[in-house]
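Below: the structure, in structure tokens.
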Amino acid sequence: MGFNVSSIKTSSDGIWQGENPLHYAFPLLIIQTTLVVFLSRCLTFLLKPLRQPKVVAEILAGIMLGPSAFGRNEVFTRLIFPTWSIPILESVSSIGLLFFLFLVGLELDLKTIRKSGKRAAGIAFAGISLPFIFGIGVAFLLRKVIKGVDRVGYGEFFIFIGVSLSITAFPVLARILAELRLLTTQVGEIAMAAAAFNDVAAWILLALAVALAGGGKSHNSPLISLWVLLSGFGFVVFMFTIIRPIMNWMARKASCGHHIVEETYICLTLAGVMLFGFMTDLIGIHAIFGAFIFGLTIPKSGDFGGRLILRIEDFVSGLLLPLYFASSGIKTDITKIHSLGSWGLVVLVVSTACVGKVLGTFIVGMLYSIPVREAFTLGILMNTKGLVELIVLNIGKEKKVLDDETFAILVVMALFTTFITTPAVMAIHKPSIHQLQLKKLPNKTKENNLRILACIRGPRDARSLITLIESLRSNKNNNSSVTKLYVMQLVEFSDRLSSILMVQRARKNGFPFIGRVLRRDDTTDQVATAFEAYSQLGRVKVRPTMAISALPNLHEDIIHVAEKKRAEIIVLPFHKHWQMEGEEEMEIHAGHGWRTVNEKVTRRAPCAVAVLVDRGLEVNGMNSVRVCIVFLGGADCRKAMEFGSRMVEHPAVRVTLVRFIQHIGSNFDEVERTLDDTTIADFKIRWDKQTVYAEKEASDELVEQVLEIGKSGEFELIIVGKGKFPQGIMAKLFENPLTDQHSELGPMANILASSGKEIKSSVLMIQQQAFGCENSKDVNSKVASQC
């Protein structure tokens, strides 16, 4: 059924009125959006085993919808992407691009860039200048070989080609580094800092190119381009001298806690994105520059920027941005590269981009004494392209600087360089990424130090960790025994822009980041101060580290650091904690993913593992902390007692050891029983005057006996072993359904971590080195099957 293109309506009256909804703007936009999102998500899923960033799938989805694939079918194009609908699609996608560039500016911290040092600046400069120079040579060749290109002025064409070859996609790079677990390595830190420098330089060069291009108008003169550049410079000065102080004031006011005020300022900020985009478009520079500069003016400290990201991130990145890839793909016709000579140009452009970026970065990296392998890896990482590349190319095509063939060649170059980054880095930097083979570590180090790798997710974990570690610190002047504490901040990384903002703030590892996390609440300033104070203590040496990965991979980072630091024990936070709301106890669940992390660590750890179930074990002046060690027998209980015995020397800690004995019907291994008896005897001889020791018979009411200890309120912390108990005791424990709720805890800790039992004590579960049969099967299941 025909329709009048000149009188396009927004919506139809429906098929019952004899109208085709696909002939109307809004219904067709719905179908286009659904198709684009569905196809990009499908490709993302298919490319996930290849560890490709989402942007590769989105670029491919756009190309497939264009004349290179599905668009070759005239029926498909006429129905889904008719010519009259393209301006509407581009307008909607441009709104998404506008807000995305605002988010990119919001995530880019100029203070962090300034503090990155000469090394990152030098690498960024080399990574831009050499491929840019190579790009000028390629531009000369393209002007001679491709027909019609010579109609474009030299200056704008050289700049567009140079920028397209020298750019590094900062958001895409961050996701690749997170996927490869390189964010907190030296390579990752340098790459992130250099990419941030590169981002700023690329936008400046692109603004220059746009000003010179002048929309392809024949009457454009150098004087007009000069006015555009001067106006753009004036706009930047205006934004940083006038708008930035206003945004700082607005961010402070929005943090006052009044919901209506917060909503008002956020809405004004979002309107500002549109307004400043219009201003740069009015000047003659693309609207995205206004949004980007406005994002830079938003204060990076405080929660205002984070709340802005949460409001618009998913809608922009998940729904509107794929439309931009689709509109770009519709402009990309790979069939324009039809001859052997054209494909030769593709090879030349790709080779020039890769060689220029990698060689420039490698040379400067070597000058800064970066190892050869890492310098080469850094060069490949800096060659990452992505959305920013597509923005450059689309602006070049819009300004009539790039023709169809040149545009297609450069899109293929961007896609190939981004696709090859991950496999190339995995091949070259493989020893650094995959050295996770488990090696059995000695329980004692030569220095007789206690090396603890303590993992924290947030402020609450940090507070309970402070109390736990403080209780291990002896006040005796014994320099031969030093506690070395490696505090690992566990950060879940995702495709969200908020993750990249977090990485920017946390790029330099250390307590300043932990302090920022903890300062979300003013009452937690003391925790950051306490960590810093610990680093000054002679017998507790604190070293911060960080793991930034997707949850399925976090356990590998923990295990790798434990091996590298020769940790004797890993302390993990339980995925639940409890807090009192009035007279009721509320259970707070961190998520199943964190439970999986703990389970994987307990199965594969190269050293002992402790899981802390926190019920309010926080810094309280250490006036008196009462600790109970529940001893049932076996290697895990002996390890728990060894850990607990280190607390005895602290003057503010009172340790009680309760041993449950199975006298009748016990067929526990005599060797284990002898080891238990010897360990208990040594403990009593050494600490008899400083501890309380009690023996109880493991009766049929063993579970009730253990619960009574937890409910008594006599102890702030109960330390238990995970498993490997005498079989008679295991049989009594497994009669209760509470004992198998969480496989990472073991039966005893499960009882004490159960909800609704009025248990007041925090629990520390200790597992001995997880090697042998327990490495592939949980201790609980193994012992239960024996029973």
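The backbone N, Cα and C atoms fix where each Cβ goes, and this holds for glycine too.
Database features (TrEMBL):
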DOMAIN    37-423  domain 'Cation/H+ exchanger transmembrane'
DOMAIN    485-618  domain 'Cation/H(+) antiporter central'
DOMAIN    624-769  domain 'Cation/H(+) antiporter C-terminal'
TRANSMEM  24-43  transmembrane segment
TRANSMEM  55-72  transmembrane segment
TRANSMEM  84-108  transmembrane segment
TRANSMEM  120-142  transmembrane segment
TRANSMEM  157-178  transmembrane segment
TRANSMEM  190-212  transmembrane segment
TRANSMEM  224-243  transmembrane segment
TRANSMEM  264-296  transmembrane segment
TRANSMEM  308-325  transmembrane segment
TRANSMEM  345-370  transmembrane segment
TRANSMEM  376-395  transmembrane segment
TRANSMEM  407-428  transmembrane segment
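Same-chain residues lying 6 or more positions outside the transmembrane segment (24-43) and placing a CB less than 8 Å from one of its CB atoms are 8-12, 54, 57-58, 60-62, 64-65, 80-82, 85, 88-89, 92, 318-319, 322-323, 325-326. Looking just at the domain 'Cation/H(+) antiporter C-terminal' (624-769), the mean pLDDT is 80. The stretch from 120-142, 264-296, 308-325, 345-370, 407-428 with the most CB pairs below 8 A to the transmembrane segment (376-395) is 407-428. In this chain, the transmembrane segment (190-212) lies apart from the transmembrane segment (308-325): fewer than three C-beta pairs between them fall below 8 angstroms, excluding pairs fewer than 6 positions apart. Taking pairs at least six residues apart, the transmembrane segment (157-178) and the transmembrane segment (264-296) share fewer than three Cβ pairs below 8 Å and do not count as touching. Scored on C-beta pairs under 8 angstroms, the neighbour of the transmembrane segment (120-142) with the top count among 55-72, 264-296, 308-325, 345-370, 407-428 is 345-370.
Only pairs six or more apart in sequence are counted, and the transmembrane segment (308-325) with the transmembrane segment (407-428) gives fewer than three Cβ pairs under 8 Å, not enough to call it a contact. Between the transmembrane segment (345-370) and the stretches 55-72, 84-108, 224-243, 264-296, 407-428, it is 407-428 that has the most C-beta pairs under 8 angstroms.
Among residues of the same chain six or more beyond the transmembrane segment (264-296), those with a C-beta under 8 A of the stretch's C-beta atoms are 94, 97-99, 101-108, 110, 203, 207, 210-211, 214-215, 224, 228, 231-232, 235-236, 239-240, 243, 247, 250-251, 253-254, 304, 307-308, 311-312, 391, 395. Sequence-distant contacts of the transmembrane segment (407-428) (same chain, at least 6 residues past either end, Cβ-Cβ under 8 Å): 50-53, 55-56, 59-60, 63, 161, 164-165, 169, 172, 176, 179-180, 182, 328, 331-334, 336-337, 342, 345-346, 349-350, 353-354, 373, 376-377, 380-381, 383-386, 389-390, 393, 396-397.
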